[in-house]
Amino acid sequence: MKHLLSIEDLSRDEIEEILDTAVSMHEVQHRDIKKLPTLRGRTIINFFFEDSTRTRSSFELAGKWLSADTINLTGKGTSISKGESLRDTVMTIDAMGVDMMIIRHMASGAPAQIAQWTKCSIVNAGDGTHEHPSQALLDAYTMRNRLGDLEGKHVAMVGDLTHSRVFRSNLLCLRKLGAEVTLVAPPTLLPSGMGPWAQAEDVTVSHDLDAVLPTVDAVMMLRVQRERMSGGFFPTAREYAVTYGLTKERLRLLPDHAVICHPGPMNRGLEISGDAADAAQSLVLDQVSAGVAVRMSILYHLLSGEGTSA
Amino acid sequence: MSPARDQVPEFDEGTPGETAEVSGRVVLAKSEITRALRRIAHEILEANKGAQDLVLLGIPTRGAPLARRLAASLHDVEGVEVPVGTLDITMYRDDLRSQPVRQMERMEVPEGGVDGKVVVLVDDVLYSGRTVRAALDTLADLGRTRAVRLAVLVDRGHRELPIRADYVGKNLPTAKSERVSVRLAEVDGTDQVVISGTEGDR
């Protein structure tokens with residue numbers, strides 16, 4: 001495994017290997033000395049063209065805790081703002097001899113394109129509305145921790161599916177791990193080209209959140225991405241919250257064992273109420289904590305082992 | 001470019017995780033393994049003047065059951081429960097970049113940690129010393145021990161680092177071409193140490 005561009009590229013065994021290693025990596029987070037010598041002498045660039053709190057800082061911590069040297073770059077502070085092309089910028093960084101670039105970009109497919117231009121390992125940390133594979137892996141890890149093996153478990157993903165790369169990666173990941181998925185969204189926020197998923201046996205589509213909630217093991221609320229919306233996808237925020245938000249009242253519909261996930265950042269009061277976000281079943285902060293462990297595992301799998309030297 | 005496998009310094013793992021029958025000369029049978037562990041338990045107690053502050057940490061795979069057996073022996077002799085754990089050294093190996101990616105093992109540090117404790121590292125075979133080097137680095141990241149000792153079932157020589165064991169079940173002079181296989185009931189279903197790969201055995 002050289003790059004992590006899409007969950008599509010991973011087999012079920014590879015996903016499980018990454019999640020299993022993350023269990024041991026998670027243990028390091030509770031040590032006094034949070035440091036492993038594993039990636040000593042390796043250099044990782046965090047190249048983020050879009051804002052991010054969780055993903056960027058957790059990739060940076062993951063690299064640091066594995067003893068790699070990490071550098072953060074944003075689109076703004078680089079020569080891109082002087083008019084240099086993306087290709088020239090990444091080739092410049094590549095020429096400095098880095099081992100890995102972790103890329104977040106507003107254009108779908110940018111990390112895959114960059115992988116063609118450089119020799120180093122590329123990790124997709126979110127590209128446009130395409131994928132966010134490390135998020136899907138950490139979501140699976142968090143759910144697996146609480147629910148056990150995900151085979152046969154029922155997960156509902158609710159909200160803005162059209163603009164969500166988290167949803168796309170999670171759908172692939174959960175199905176590979178044997179979970180059944182229900183997609184709940186207003187018709188305007190269901191991605192076009194739903195054909196292949198709508199026909200799959202393990203994927204169902206619903207517009208009725210109240211009917212779905214009592215049957216789930218996990219419900220994943222997706223952020224309403226106002227910054228990607230160009231038109232009227234729903235009449236008002238209030239109406240969206242009433243119809244598709246995880247409100248205090250809806251919380252009662254969930255089975256006792258069911259868990260609530262949200263990849264963050266949350267719009268409290270819109271897709272998720274404060275009560276739901278802070279409820280005992282909410283795994284929002286567990287997801288963040290698992291994020292570092294899962295990303296350590298990803299870096300380890302991509303940067304150690306035979307034939308990985310750049 | 002990764003170096004060819006035979007140029008990589010060999011890690012002193014006793015036996016890979018296989019359970020198939022190993023052919024060769026049996027150098028330690030079940031009763032001798034038990035006797036050796038009992039003797040080591042006595043030696044540990046004598047050197048430590050009792051069981052206070054002792055912690056046993058086994059190095060996976062076969063060091064872990066050996067550490068548990070040693071703890072049982074210590075209990076038989078002294079009537080004290082000595083804390084036992086396992087120390088995963090995977091991330092500290094010096095050959096991570098020249099080998100395929102390895103899956104980590106379980107790390108179990110007993111409650112109370114290792115600070116101020118006399119830690120006895122337990123492994124099945126002492127060979128190049130690189131596993132022990134990695135184990136010492138791992139331990140240093142877990143806390144500050146008062147002392148670290150090393151107990152091994154078999155010392156087969158060929159050290160590549162200045163490391164020696166404090167407690168040895170059996171010193172077994174070997175050729176580098178030979179293979180020492182430690183088999184334990186907990187992992188392999190039987191207890192024996194077999195040496196193979198020599199002309200005389202065939």
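Glycine is treated like the rest: Cβ placed from N, Cα and C.
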Per TrEMBL, member of A:R31, A:R104, A:R238 binding carbamoyl phosphate alongside A:R54, A:T55, A:H132, A:Q135, A:G264, A:P265: A:R104
All-chain count of other Cβ atoms within 10 Å of A:Q135 (carbamoyl phosphate binding site): 26
Residue among binding-site residues A:H132, A:Q135, A:G264 with Cα closest to the Cα of A:K82 (L-aspartate binding site): A:H132
A:G264 (carbamoyl phosphate binding site): tally of other CB atoms within 10 A of its CB: 17
Rounded distance in angstrom between the Cα atoms of A:R54 (carbamoyl phosphate binding site) and A:R223 (L-aspartate binding site): 14
Per-state residue totals over the domain 'Aspartate/ornithine carbamoyltransferase carbamoyl-P binding' (A:2-144) - DSSP helix, strand, coil: 66 helix, 27 strand, 50 coil
Rounded distance in angstrom between the Cα atoms of A:R104 (carbamoyl phosphate binding site) and A:R165 (L-aspartate binding site): 12
